[in-house]
Amino acid sequence: MDKFAPFHHHYNPLIHQNGHCPPIQKPKPRAHSSPTSVSLASTATSLAASTLSSPVMYPSPGILSGFGSLDGLSDVRTLGSVKAMHSQVIKSSDKRTSEYMAKTLITFYLELGDFRLAAMVFFLGFARNYAMWSNFLLEFKKFGGDPIEILEVFKDLHCLGVNFDGRLITLVLKICASLMDLCLGLEIHASLIKKGLEGDVYVKGALMKYYGRCWGVDTANKVFDEIPYQDNLLNEAIMINLKNKRFVQGVDLFKRMQFSFKRANAATILKMLQACGKEGALNEGQQIHGEAWSLLQEMESSGVTPDLVTWNCLLSGHALHGLYKEVIKILRKMQIAGFRPNSQSIPSILQAVIELGFFTFGKEIHGYVLRNGLDFDVYVGTSLIDMYLKNDRLNSSQLIFDNLKNKNIFSWNSLISGYLFKGLFDDAKRLLTQMKQEGVKPDLVTWNSLVSGYSIWGRNEEALAVIDDIRSSGLTPNVVSWTSLISGCSQRGNYRESLEFFIRMKQEGIEPNSTTVSSLLRTCGGLSLLQKGKEIHCLSIRKCFHEDAYVETALIDMYSKSGDLKSAYGVFRKRENQTLASWNCMIMGFAIYGLGREAISLFQEMQKADILPDAITFTAVLSGCKNSGLIEEGWKYFDSMDKEYGIEPRIEHYSCMVDLLGRAGYLDEAWDFIQAMPITPDASIWSAFLRSCHVQGHMEFAEVAGKELLELEPDNSANYVLMTNLYAMSNRWDDVERIKDLMVEKGVKIRQIWSWIQIDDRVHVFSAGDKPHPDEGQIYFELYQLVSEMKKVGYVPDINCVYQNIDDLEKEKVLLSHSEKLAITYGLLNTRNSAPIRVVKNTRICPDCHTAAKFMSLVRSREIFLRDGVRFHHFKDGSCSCNDHW
């Protein structure tokens, strides 16, 4: 084996890092192997003496040729008779039948269990049909051979002086990579360097793939860097980096390929589209999409007809990248070209149908599937199940599932997750039991779906119990298991539990992934925990998650909801190619701060960037309009939804318009708008209208809205409180008592109102119904002084904000106990003079507290950020960012 000794005067990464490599383990002898096959050297000498007398490059002319037929072996075939025929083949000299002879001999040896002789025939040549050689490993395994024997034969033949050409070395390196043989590949590389054969482009490509799989992508890239003429191997380099999740390096190499005028092959283009889809790299994906089309057009212009595989690659690549409209275009062009979608086409098409919301078209695809007998395919069936689930057709999904002949784990998991998402836990458990009875073992995806379902529905104890069930089943809860729990809590609004589960996850030694970080940022945003959010941001940078599109959007959301709009905008601008989700999030960030014109400006910039808006975009734009009183602009963008973008307004868009009109004092217009709505008004519509009636003091409309709300949401205490406040404003105290009695009768309790502020690492909560803060005396002393200073510069307490039948002096005292005033005052007492005050309140701020906060910012020269139950208020120098339109 000294011919494979490492050669250290040339770069050969990782060769013999520990001074030696462990020997390849010999396979155990098989009962049916002949003793005569033990000594390969002697067999090779007797069968191929003429070829091994001196080192020559195989195949040599005339080897294994001229033996016209092996039919004599077809009736009675023994190992001895095959060897005899093999010897006769070697002595003959007609190369026309050598390929046939080689394939036949290999098959005979494999069938008789002599795997080493089969491998020897493989290596000792015949005609070089490399398609045959590439299939050899599959055949070898099929007959029960251990692929390690192939490499043993290769080493033995090399020791006997046999030289191999670059193509065969390439195949051996592929086997090394497949078997993860860490050392033989290094030895081959060293030998190639010594013999000066490493320059072969096929060998270099195989070396890169070997190092990429066995020693890591960095080592593979070093091999690539040493190649003098790299352009011929750019496809291989791109694929290696993308397979190892080195997206940036892959894109850089792909760009380099374009500049060098080298053509990317279909596999590279597909992999690039897949990577761009996963990374949310829309711009890069669109460019590659154009290249894929140009490749298709060039094929057609060259007279090469794209086959169904080509069309399916285009469908799959565009679907994976999220270019769903392009998927539909490709489908149409494919049909025009005379190709009918098959079972490989349908899942990509259905994915596009789901994402585009083309449910009617999806049902047509289902009909096509049934008419063409494609429903036998389990992946088609699973895609159909998913489509119906996403369109809230659980019964249809169940019917398709029941009719599937070959259910796999994916179809079971899909339906189970559908029931869990709807909160139908008994049905999900029934399916889980049935799945086990049919011999399908739940995998981690099954268990993680249960964790997610329970946590989303607020059943955290049961979600934790599933974590224990995972362990009991012999599996180990992974990062997805814990992230499902953390994310579910965050979506449910159980933010404190979300953070607690993250701590437990870390205690179990599980590191977060990008999805975990996104969920944690959502939690921090929900609680306005700016400092904690910054810590998570640092964590994302350390783990290189900050470039992930979902993490970026979560960062924008966290900073926006935590009172740091400047940082949110900084994150948004730092990314070159923003996703639609990040645009939406930033527009909404401006909207909740009452910066309606900035929200509109960003929306216009988004249009110039050729990013098509969706329904969420218009919710953000209309929210900006309503929070800034931009009536004309609100009407403009509401009307443009259907006319210009084909987006049908949803209930949240109608709610924004009702709120916009009502708050501006146009109650009659708001009423007419509600009456003309093509969809039935829900609680959000009547709630927005009732709040406007409260601001305008319009009792007639208010009573109509209140009646509707109490029917739609009989357990929502906020509706009762709004009605009692309205009656109190009109001194209708009998009606106030009537509403209170109704609450008692229905068992409705008034929601606790609180405000909180974080000082260092501690959160301080202020609530009228809770136990008093330890520093309550100091807080009230400071607040009395503040009010005295504020009155000197024009503050007048708004006693209309007290809805109690008491005298005016008592009402002023009640105003002092409002939780947001106490939280702001405590912040002024316990933070640096230059630090902004950040307060969170769980309901809308009252008019008096809003006015007081403006005066507090003026007399103490402090910025105050207050997030109430609906939006943000930024108080500075006696003014608020909302311009008193809230």
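Any Cβ shown, glycine's included, is placed from N, Cα and C.
Per TrEMBL, domain 'DYW' is recorded for 794-886.
Taken from TrEMBL, the feature region 'Disordered' covers 16-36.
Annotation comment: TrEMBL describes 307-341 (among others) as repeat 'PPR'. Broken down by DSSP into helix, strand and coil, the repeat 'PPR' (307-341) contains 27 helix, 0 strand, 8 coil.
Residues or ranges marked as repeat 'PPR' in TrEMBL: 408-442 (among others). Along the repeat 'PPR' (408-442), the predicted structure has mean pLDDT 90.
Here the repeat 'PPR' (443-477) is broken down by DSSP into helix, strand and coil counts: 26 helix, 0 strand, 9 coil. The repeat 'PPR' annotation in TrEMBL covers 443-477 (among others).
The repeat 'PPR' annotation in TrEMBL covers 478-512 (among others). Remote same-chain partners of the repeat 'PPR' (478-512), defined as residues 6 or more beyond its termini with a Cβ less than 8 Å from a stretch Cβ, comprise 444, 447-449, 451-458, 460, 463-464, 467, 470, 518-520, 522-523, 526-527, 532, 539, 543.
For the repeat 'PPR' (579-613), the DSSP-based tally of helix, strand and coil residues reads 26 helix, 0 strand, 9 coil. The annotation repeat 'PPR' is assigned in TrEMBL to 579-613 (among others).
Annotation source TrEMBL lists repeat 'PPR' at 614-649 (among others). Sequence-distant contacts of the repeat 'PPR' (614-649) (same chain, six or more residues past either end, CB-CB distance under 8 Å): 580, 583-584, 587-588, 590-600, 603, 606, 656-657, 659-661, 663-664, 666, 871, 882-883, 885-886.
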